[in-house]
Amino acid sequence: MAHRFPALTSEQKKELSEIAQRIVANGKGILAADESVGTMGNRLQRIKVENTEENRRQFRELLFSVDNSISQSIGGVILFHETLYQKDSQGKLFRNILKEKGIVVGIKLDQGGAPLAGTNKETTIQGLDGLSERCAQYKKDGVDFGKWRAVLRISDQCPSSLAIQENANALARYASICQQNGLVPIVEPEVLPDGDHDLEHCQYVSEKVLAAVYKALNDHHVYLEGTLLKPNMLTAGHACTKKYTPEQVAMATVTALHRTVPAAVPSICFLSGGMSEEDATLNLNAIYRCPLPRPWKLSFSYGRALQASALAAWGGKAANKKATQEAFMKRAVANCQAAQGQYVHTGSSGAASTQSLFTASYTY
């Protein structure tokens, strides 16, 4: 027999709901700047910049110190632990710079994947041990939301029922712990684009994954109005020979979400999944314009698809500050427009914005 557990007070629920709504108000999205040291190193290597703490700090300072108008397009920023405690060149904490712009500060909380025994090289996510204590400390340090990424892949045998259930339950436990500590949980069940599967198969798998996630969230008494969902857009595998239009991607994506995601969820903040900057924007715009019911706000939580052009413009040189910040602002504004179905592709995008950002078995 089911029993009610008053896990959250009305005041806690109100705070969580208000934070979630503030992040995605008026087409705003999220900058995912939570890359680990290793992942950031891979990106710096591509522009021939050494992976040092100072170089990582310098690039992120360029992103966070843009004009205050960025707050019209970006409502939240996800930070890595290192970045949360870093300062700009004047000695001001990055998190305080963001807050002064009216941007909500978030933190990456998962600690990467671990092999899931009894499966074909599938994984579960680490980080639940000590999570409550970490959340409590982050809340004291000015953080208002968290992110937890679970990864599933498509192949002949994957994802297995075991992997789906294990990752769904880990996401739900994380979400419950976050809310107990005043953090809005971003729930991120990512189905990787690796493989040669078609769009229809991706939709089938994604519906199974999302249904399991929301069953688990319900089992763990998670307050849906105080959460955000960060799913992949539904696309064919990177090696699939058949190509699909943004409108086809949009129809499959919204259909799957409509079948599985409760209307109580405030917003769906899509990840870019290795698409080029321009494709991520075009697909988001098409999803908004899809002629199907959408009870949730549509938004974005992009990392590579907001930073690729900026990183290329920077090249590790302080003299490129203006070009770097302009490139970042351009993508932020474009995605804010797309989240409201107002983006118009002009065909004038730079080379960096049209380059695929796909990385096999991508990890943060």
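Backbone N, Cα and C define each Cβ position, glycine as well.
Taken from Swiss-Prot, the feature N-acetylalanine covers Ala2, and the record attributes it to similarity to another entry.
Counting only residues at least six positions away in the same chain, the Cβ atoms of Tyr223, Glu225, Gly226 sit under 8 Å from the Cβ of Lys13 (N6-succinyllysine). Annotated N6-succinyllysine per Swiss-Prot: Lys13 (among others), in sequence order.
Annotated phosphoserine per Swiss-Prot: Ser36 (among others), in sequence order.
Per Swiss-Prot, beta-D-fructose 1,6-bisphosphate binding site is recorded for Arg43, Ser272, Gly273, Gly274, Arg304. The DSSP secondary structure for Arg43 (beta-D-fructose 1,6-bisphosphate binding site) is helix. Arg43 (beta-D-fructose 1,6-bisphosphate binding site) has a Cβ environment of 19 other Cβ atoms inside 10 Å.
Residues within less than 8 Å, Cβ to Cβ, of Thr119 (phosphothreonine) and separated from it by at least 6 positions along the same chain comprise Cys158, Ser160, Leu162, Ala163. Under the heading phosphothreonine, Swiss-Prot lists Thr119 (among others), citing similarity to another entry as support.
Other Cβ atoms within 10 Å of the Cβ of Lys121 (N6-succinyllysine), summed over all protein chains shown, number 11. Look at Swiss-Prot and you will find Lys121 (among others) tagged as N6-succinyllysine, backed by similarity to another entry.
Secondary structure at Ser132 (phosphoserine), as computed by DSSP, is helix. Counting every protein chain shown, the number of other Cβ atoms lying within 10 Å of the Cβ of Ser132 (phosphoserine) is 14. Swiss-Prot lists Ser132 (among others) with the feature phosphoserine, giving a large-scale study or a structure entry as the kind of evidence.
DSSP classifies Glu188 (active site, proton acceptor) as strand under the three-state reduction. Sequence-distant neighbours of Glu188 (active site, proton acceptor) (same chain, 6+ apart, CB under 8 A from its CB) are Lys147, Trp148, Arg149, Ala150, Leu171, Leu229, Lys230, Pro231, Leu271. Annotated active site, proton acceptor per Swiss-Prot: Glu188, in sequence order, evidence recorded as similarity to another entry.
Taken from Swiss-Prot, the feature active site, schiff-base intermediate with dihydroxyacetone-P applies to Lys230, supported by similarity to another entry.
According to Swiss-Prot, the feature phosphoserine maps to Ser272 (among others). DSSP gives Ser272 (beta-D-fructose 1,6-bisphosphate binding site) a coil state; it is part of no helix or strand.
What Swiss-Prot records for Ser276 (among others) is phosphoserine, and it gives similarity to another entry as the kind of evidence.
Counting every protein chain shown, 30 other Cβ atoms lie within 10 Å of the Cβ of Ser299 (phosphoserine). Annotation source Swiss-Prot lists phosphoserine at Ser299 (among others).
A strand conformation is recorded for Ser301 (phosphoserine) in the three-state DSSP classification. Cβ neighbours within 10 Å of Ser301 (phosphoserine), excluding its own Cβ and spanning all shown chains: 28. Under the heading phosphoserine, Swiss-Prot lists Ser301 (among others).
In the three-state DSSP scheme, Ser309 (phosphoserine) is classed as helix. Here the Cβ of Ser309 (phosphoserine) has 25 other Cβ atoms within 10 Å, regardless of which shown protein chain they belong to. The phosphoserine annotation in Swiss-Prot covers Ser309 (among others).
Per Swiss-Prot, the feature N6-succinyllysine maps to Lys317 (among others). In the three-state DSSP reading, Lys317 (N6-succinyllysine) counts as coil.
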Task = For Ser36 (phosphoserine) and Gly273 (beta-D-fructose 1,6-bisphosphate binding site), determine the Cα separation and express it in whole Å.
result = 17
Ask   = What modified residues in the list Lys121, Ser132, Ser276 lie within 10 angstroms of Arg304 (beta-D-fructose 1,6-bisphosphate binding site), counting C-alpha atoms?
value = Ser276
Ask   = So what sits near Gly273 (beta-D-fructose 1,6-bisphosphate binding site) in its own chain, CB-to-CB under 8 Å and at least six residues off in sequence?
value = Glu190, Leu192, Pro193, Asn232, Met233, Thr235, Ala280
Note = Neighbours of Ser301 (phosphoserine) among recorded positions Arg43, Ser272, Gly274, Ser276, Lys317 (C-alpha cutoff 10 angstroms), in sequence order, are Ser272
Remark   = Judged by other C-beta atoms within 10 Å of its C-beta, the most isolated of the recorded positions Ser36, Ser272, Ser276 is Ser36
DSSP three-state assignment for Lys121 (N6-succinyllysine) = coil
Key: Spatial separation of Ser299 (phosphoserine) from Ser132 (phosphoserine) - C-alpha basis, Å   = 28
